[in-house]
Amino acid sequence: MASKWFVVKRLLLLVPVLLGVATLVFAVLHISPGDPARVMAGQRASQEQVEMVRQEIGLSDPIWVQYGRFLADTAQLKLGESYVLRPNQSVASILKNSIPTTIELAVYGQLIGILLGLPLGVISAIKQDSITDHITRIGALTGISVPIFWSGPIVIILFSVTLGIFPTNGRIAQQYFLSDTWLFFGHELPRTGLITLDTLLLARYDAFVSAVRHLVLPASVIGFYSMALISRMMRSSMLEVVRQDYIRTARAKGQGERITFLKHGLKNAFIPVITVIGIQFGTLLGGAVLTETVFGIEGIGMILVDAIDVGDYPVVQGTVLVFALLFTLVNLGVDITYSYLDPRIQQ
Amino acid sequence: MSTHTHANGRKRGIRGLLARIRDSQFLSELASNRLAIVGLLIIATIAGLAIYARVFIGGLPPLTDGQYEAITLSNLSGNSDMAEAPPSLRYPFGLDGQARSIFPRVMYGAWLALKWGTVTVGASTVLGVGLGILAAYYGDIVDNVIMRTMDVLLAFPSLLLALALVAIFGTGLQNAVIALVLVYTPRFARVVRGAALKVMEDEYIDATVALGATDFRVLVRHVIPNCLAPVTVQSTLNFGLAIIDLAALSFLGFGAEAGTPSWGWMLSNGVEYGLHSAWWWAFFPGLFLALTVLGFNLLGDGMRDALDPRMRDAID
């Protein structure tokens with residue numbers, strides 16, 4: 001069957017991309033100006049100690065040996081240990097704690113964007129060149145022009161500092177967690193890591209409310225941006241579809257405008273928008289770096305920034321790898337979904 | 001050739017250029033797009049401010065240290081808390097905590113943003129056009145090697161790739177610009193490759209080759225000029241993104257040096273220290289950043305709509 005082949009082909013195409021990504025990540029450690037052995041041994045270590053560390057972590061081996069080892073380790077998700085940011089904690093465990101944080105934020109942001117962006121785009125297209133259309137379009141263009149690291153501070157100043165409605169920092173009020181141990185009121189957390197889900201599973205509704213209140217501002221800022229992009233795409237896709245012959249046919253056979261639009265128009269216009277939503281999700285993951293910094297949320301974005309700041313290379317490698325992997329997988333999912341919705345793409 | 005005629009028979013030289021501009025479907029369609037004109041006006045205003053700032057403010061106290069303003073201030077009121085005064089008639093955007101007036105700093109930030117934006121987009125356009133043309137013209141292995149490399153670079157969200165590259169090259173404004181050039185090059189390569197493939201379907205290219213033109217001549221005289229429209233549109237659309245990404249790198253502390261009057265750094269200073277006390281620190285630099293980007297997006301959008309539909313497909 002053709003569609004199976006498409007999936008297989010698409011999966012095979014992943015191999016060179018992932019290899020390239022891994023090579024780039026390897027380069028982070030080996031081309032960068034800092035000396036990892038020196039960073040690990042500490043500034044006051046003697047030259048001998050630094051050399052010992054270098055031997056220990058295999059940095060004195062030939063580069064292709066190191067490259068091979070890196071690929072093998074990475075394939076088994078052995079990502080090494082942090083040596084500055086959280087000394088002796090494994091990169092994998094740091095990532096395990098922070099990935100759900102980033103994903104949770106991106107999912108809520110994207111949900112807001114979809115729920116607002118799709119209807120706005122459709123209305124804008126149906127009432128093309130009306131005042132509603134103009135306002136939506138200008139609003140959408142403004143939305144994609146405003147960087148998150150400006151809209152973020154503004155909503156904080158407005159809703160948090162001035163009006164005091166929402167909290168600004170972190171994911172949940174301080175009283176609800178004990179730092180890294182994640183002991184929640186003495187229970188071990190039923191850890192999905194998605195804090196809104198975890199609090200619900202524990203039936204701690206007060207904690208849930210606190211988590212939601214912490215999410216409102218960052219998710220809205222992300223949602224506004226994503227709404228702008230989705231409504232633009234939905235509008236132009238809808239306008240494109242409306243010009244197609246099958247819409248004329250539907251009208252010619254006497255079908256009502258509403259059904260023509262909803263059944264034939266919307267369904268087909270939705271296909272390219274799915275791509276945008278997928279790509280958009282990847283961009284949101286990248287934007288996490290900024291949102292998390294502005295709102296003080298400890299996801300992979302913030303960890304990456306901190307790790308680059310202090311030169312913690314294993315952590316930099318791990319986070320970059322995870323970001324690229326998530327982005328690639330989302331794109332893969334989008335491509336496959338797309339191929340099922342629009343079989344023409346497989347040719 | 002002494003006839004001074006172009007392949008399609010039009011006059012060359014400045015008069016020819018003017019005639020081509022007058023006849024251009026692209027430009028006349030663009031000129032009738034009100035939003036695009038608004039975008040152009042915004043960009044022109046920001047560029048005017050930038051040049052004014054470069055000529056008249058460059059090197060003056062508001063950019064370097066707060067001594068000058070602090071002295072004027074203490075003469076006025078004798079109050080040292082004034083170092084972070086809110087917006088007033090004398091200081092329209094307020095002072096930044098080190099007694100530096102934010103208004104001239106924001107204007108100078110426009111100069112920095114446009115300058116480095118131009119460098120970033122310019123360099124990635126040149127690189128991208130070169131790679132894209134090579135890939136399209138030679139096809140096969142060359143195409144595969146170039147485009148698969150571009151695919152790897154496109155496998156990252158842009159800001160993330162920039163961060164990974166900054167981690168490799170080290171921080172600082174120049175390295176941030178180099179990183180962004182590498183991030184943006186694949187986008188241009190892809191557009192140019194798509195456009196060039198379409199141009200090469202045309203028969204006049206076959207005709208030129210049949211007349212014995214060298215590869216170089218075909219590429220430089222025929223393929224590249226006919227790809228310029230989509231490239232210009234892509235540059236405009238990416239100019240805004242490049243300015244945001246540059247500001248983002250400075251915001252995260254990996255771009256402009258601390259204290260530089262760049263919008264990104266001023267924003268990060270405002271978020272780090274002024275969020276609860278001095279809203280104007282983050283507000284004004286960000287406002288100008290957003291306005292500039294909006295200008296480029298409005299113009300770029302209009303340009304894309306005015307583009308020949310056949311070429312529009314090449315742009316994502």
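Any Cβ shown, glycine's included, is placed from N, Cα and C.
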Labelled transmembrane segment by TrEMBL, one stretch among A:269-290, A:291-312. Can you tell me which?
A:269-290
A:191-210, A:211-230 - the one TrEMBL records as transmembrane segment
A:211-230
Ranking A:105-126, A:138-166, A:269-290, A:320-341 by Cβ pairs under 8 Å to the transmembrane segment (A:211-230), which is first?
A:105-126
What stretch of A:138-166, A:269-290, A:320-341 shows the most Cβ pairs under 8 Å to the transmembrane segment (A:105-126)?
A:269-290
Going along the chain, which residues at least six beyond the ends of the transmembrane segment (A:320-341) come within the CB cut-off of under 8 Å?
3, 6-7, 10-11, 14, 17-18, 21-22, 24-25, 28, 74, 79, 95, 99, 103, 271, 274-275, 277-279, 281-282, 285-286, 300, 304
Residues outside the transmembrane segment (A:138-166) whose C-beta sits under 8 Å from one of its C-beta atoms, at least 6 past its ends, are 120, 213-214, 216-218, 220-222, 224-225, 227-229, 231-232, 235, 287, 290-291, 293-295
